[in-house]
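Undergrad: Take this structure first; my questions come after.
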Amino acid sequence: MTAWKRFVHVKNPYLDTMDEDILYHLDLGTKTHNLPEMFGDVKFVCVGGSPNRMRAFALFMHKELGLVEGEEDIKDICAGTDRYCMFKTGPVLSISHGMGVPSISIMLHELIKLLHHARCCDVTIIRIGTSGGIGIAPGSVVITDTAVDSFFKPQFEQVILDNVVTRSTELDKELAEELFNCSKKIPNFPALIGHTMCTYDFYEGQGRLDGALCSFSREKKLDYLKRAYEAGVRNIEMESTVFAAMCGLCGLKAAVVCVTLLDRLDCDQITLSHDVLMEYQRRPQLLISNFIKKKLGLCDQIS
Ligand SMILES: O=P(O)(O)O[C@H]1O[C@H](CO)[C@@H](O)[C@H]1O
Ligand SMILES: O=c1cc[nH]c(=O)[nH]1
């Protein structure tokens, strides 16, 4: 029996009428680049805020996949722009998205069109990030089941013209479970499944007392974070709702996996040493590399 291929769908009737599509912020285009040849074999897309992290992930994946060509062949495909960076190794694409909803949303529009133009199918997309934990030990890896907004609602509100359009932020529960099962096979790997709250700001928006502005008390902050915990929220970051909404609408299997850098019930400032921060940031990468190797039928635990 032939399995159906899951293509990436764009939902824009105007795209078909365009002679050329310029993916401006990626410095790629349908006339200037052979997108099917460059990207047609992509099966896994990993995204994260920082360019260096996404470069490190591509190099790590390259090694883990045992690919023959050298590291020096892994170049930034978007080098012509300094908005985002993109690296490809085998079927894995690694892209940075900057900080916050507007930044990741621009990248996702162009990435989803890229995958569509390249005729990619059966693509899984995973955000590997950092976050602030609530009521869990720093260094824990949270696999998101549902992304919620600042009111703990599983929705993303997109302003389109002068309307507010509400979109669902459900993520693929089966994929989250699969990732959690994968995490159990890694020794001493603290992981859990929970809701992730996405905010529009790192300071006031996440109830921090240490920003340039703060108009609420310590008690109000703690009351808010405790209510978030009771609603099932285990970590806070700044991209998951729009990521879940856009990927869901375009038929991409999506997951969010973020390490926590602190427990927000204890503090606001990130005081980790550089080495500890780097080690924590590698945790989502290790989990995703094991997952990808498993999906590709490579040895489960090479690392
Ligand atoms: O670690 P990344 O992927 O950048 O994600 C988190 O870190 C940034 C804030 O420091 C926000 O973008 C937040 O979502
Ligand atoms: O507290 C934190 C840490 C990382 N990223 C966030 O968005 N918040």
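Cβ from N, Cα, C; glycine included.
Pasting the relevant annotations from TrEMBL:
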DOMAIN    43-292  domain 'Nucleoside phosphorylase'
DISULFID  C78-C85  disulfide bond
BINDING   R83, R127, I128, G129, T130  phosphate binding site
BINDING   Q206, R208  substrate binding site
Undergrad: Looking at the recorded positions C78, R127, I128, T130, R208, which have a C-beta within less than 6 Å of some atom in ligand 2?
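TA: Listed by sequence, the hits are T130.
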Undergrad: Filter the recorded positions C85, R127, G129, T130 down to those with CB closer than 6 A to an atom of ligand 1; keep them in sequence order.
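TA: Passing the 6 Å Cβ check against ligand 1: G129, T130.
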Undergrad: Please work out the number of neighbouring Cβ atoms within 10 Å of the Cβ of R127 (phosphate binding site), leaving out its own Cβ.
TA: 28
Undergrad: Going by DSSP, is R208 (substrate binding site) sitting in a helix, a strand, or coil?
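TA: Its secondary structure by DSSP: coil.
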Undergrad: Could you round the CA separation between I128 (phosphate binding site) and C85 (disulfide bond) to a whole angstrom and send it over?
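TA: Rounded to the nearest whole number, the Cα-Cα distance is 15 Å.
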Undergrad: Average the per-residue pLDDT over the domain 'Nucleoside phosphorylase' (43-292) and send me the rounded value.
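TA: Here the predicted model's pLDDT, averaged over the domain 'Nucleoside phosphorylase' (43-292), is 97.
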Undergrad: Near T130 (phosphate binding site), how many other Cβ atoms are within 10 Å of its Cβ?
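TA: Around T130 (phosphate binding site), other Cβ atoms within 10 Å: 21.
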Undergrad: Which residues, sitting 6 or more apart from R208 (substrate binding site) on the same chain, put a CB under 8 Å from its CB?
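TA: Non-local contacts for R208 (substrate binding site): F202, C214, K221, D268.
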Undergrad: Within 10 Å of the Cβ of Q206 (substrate binding site), how many other Cβ atoms are there?
TA: 23
Undergrad: Rounded to the nearest Å, what's the C-alpha distance separating T130 (phosphate binding site) and C85 (disulfide bond)? Just drop the number here, would you?
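TA: Distance between the two Cα atoms comes out at 18 Å.
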Undergrad: For each of C78, C85, I128, count the other CB atoms within 10 A of its CB; which of these recorded positions has the top count?
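TA: That would be I128, with the most Cβ atoms nearby.
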